[in-house]
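For reference, the structure discussed in these notes is given below.
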Amino acid sequence: MERNLKNVLVISFGFLLLFTAYGGLQSLQSSLNSEEGLGVASLSVLYAALILSSMFLPPILIKKLGCKWTIAISMCCYIAFSLGNFYASWYTLIPTSVILGLGGAPLWSAKCTYLTIAGTSYAEKAGKNAKDIINQYFGVFFLVFQSSGIWGNLISSLILSQSSTKVNISEEDLECCGAYNCLTDTTNTTGSTKPSNSLIYTLLGVYTASGVLAVLLVIIFLDQIKSDQAETEKEKLEAPSFWSTFLATFRHLKDKRQCLLIPLTMYSGFEQGFLSGDYTKVYVTCALGIQYVGYVMICFAAVNSLCSLLFGKISQFTGRKFLFALATVTNTACIIALLLWKPHPKQLAVFFVFPALWGLSDAVWQTQTNGLYGILFEKHKEAAFANYRLWESLGFVIAFGYSTKLQAYIKLYILLSVLVLSMVTYGAVEYLEARSSPGTPTAAKKENGGPHSQETHM
């Protein structure tokens with residue numbers, strides 16, 4: 001047990017170090033690299049590359065390199081993105097975003113494969129239920145990993161707050177903040193003033209070092225899975241061809257329920273994209289300054305993690321419909337309030353209320369949508385979750401893609417429209433389920449939330 005648990009902890013803390021850097025950097029992209037929308041464009045490209053990566057690369061790399069070296073090499077792709085930010089331009093950020101996107105899917109697939117094999121191996125030796133051990137390992141992983149959003153954003157705020165150029169934001173400049181922000185490159189020469197290069201390089205240096213430590217931790221301390229342990233998993237990877245997996249993803253769209261879940265799945269990408277790409281820029285950076293972005297995103301990450309754990313537990317008592325309704329009402333209230341609110345530094349607490357409520361809603365979208373896919377498509381999980389990754393990533397691509405082209409209020413109306421459509425189509429799924437299996441007592445028992453979607457933390 002000690003050796004297996006050691007490997008689980010090595011992977012967990014490796015991911016913690018890696019995503020401490022990436023999470024903090026993603027939150028800052030729209031503010032740090034705002035010229036011509038470079039930051040959000042790089043994120044859009046990143047998620048587009050992730051879509052392609054998830055369809056083809058994981059089986060190839062895991063089969064050829066094994067889980068350990070797939071994890072290590074994929075982590076290096078994340079470090080490349082940190083290095084690209086040192087001299088941020090279209091010629092550095094876009095290529096490194098593609099590299100990160102391509103490395104993202106193999107990283108998460110190798111992690112899942114490793115933990116599954118390790119859990120199964122220990123269960124066989126100890127004579128225990130493999131599913132229980134695997135769930136225990138994933139629980140340890142997410143317990144450690146989820147805190148990365150807090151540490152990454154804390155580092156950015158502590159470093160960027162050292163700026164000596166404290167600028168008072170005039171009332172005239174504050175008029176440009178919020179839903180009806182002034183859509184020009186010269187907007188907010190106050191709040192969005194970039195920190196000095198030395199502070200930016202310090203921050204990027206810390207993030208890069210964190211990524212390098214993650215790679216070294218995996219290379220030095222993570223055991224390679226023995227060939228006999230990995231044989232079964234390799235057979236699974238070899239069984240379906242790439243094209244059969246690819247086609248199975250789209251063949252799954254013949255299921256009416258899958259088609260009806262597309263708006264809900266894409267909404268997950270839309271709402272996360274708005275918070276990290278738009279809220280941080282036109283509300284927080286504009287009115288308070290870039291040094292507050294990290295603190296605000298810490299609030300989101302903390303509430304999100306706590307609620308993910310809470311909703312995963314209480315869903316078996318309340319059922320998923322109640323939680324989806326709660327998230328819908330909360331998100332709708334936030335969107336309407338953001339349309340009406342004019343951000344002002346004197347209302348400091350309000351800047352944290354929105355990400356807290358957003359975190360509560362996002363916890364539902366992540367845990368319950370994952371759980372819903374697992375319950376509805378139990379016999380076709382691989383194709384179903386491939387669709388989940390595809391449509392959520394597409395939501396990210398679109399949200400970041402139009403980020404610099406539209407004003408915030410238009411994006412909020414788009415969010416509201418997609419949310420309403422999502423709830424209509426989700427309601428249709430529940431209706432179809434109720435009609436096909438009336439009076440099934442096991443449905444409510446099955447409604448438990450899954451872990452966060454891996455692309456959420458990409």
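The backbone N, Cα and C atoms fix where each Cβ goes, and this holds for glycine too.
The compositional bias 'Basic and acidic residues' annotation in TrEMBL covers 444-458. Residues or ranges marked as region 'Disordered' in TrEMBL: 437-458. What TrEMBL lists as transmembrane segment is 39-57, 69-88, 94-117, 137-160, 199-222, 289-311, 323-341, 347-365, 386-404, 410-429.
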Given a Cβ distance threshold of under 8 angstroms, which distant residues of the chain, six or more beyond its ends, lie next to the transmembrane segment (137-160)?
4-5, 8-9, 11-13, 15-16, 18-25, 27-28, 111, 115, 118-119, 195, 199, 202-203, 206-207, 290-298, 300-302, 304-305, 308, 451-452, 457
Run the contact check on the transmembrane segment (323-341) against the transmembrane segment (94-117): 3 or more C-beta pairs under 8 Å, excluding pairs closer than 6 in sequence.
no
At a Cβ cut-off of 8 Å, and with pairs 6 or more apart in sequence only, do we get at least 3 pairs between the transmembrane segment (386-404) and the transmembrane segment (69-88), yes or no?
no
Any contact between the transmembrane segment (39-57) and the transmembrane segment (289-311)? By contact I mean 3+ C-beta pairs closer than 8 Å, pairs at least 6 apart along the chain.
no
So, taking each listed stretch (69-88, 94-117, 347-365) in turn and counting its Cβ pairs to the transmembrane segment (289-311) that are under 8 angstroms, which one gives the highest count?
347-365
Remote residues contacting the transmembrane segment (347-365) - C-beta distance under 8 A, at least 6 residues beyond either end:
264, 267-268, 271-272, 275, 279, 283-284, 287-288, 292, 295-297, 299-308, 310-311, 323-324, 326-327, 330-331, 333-334, 337-338, 341
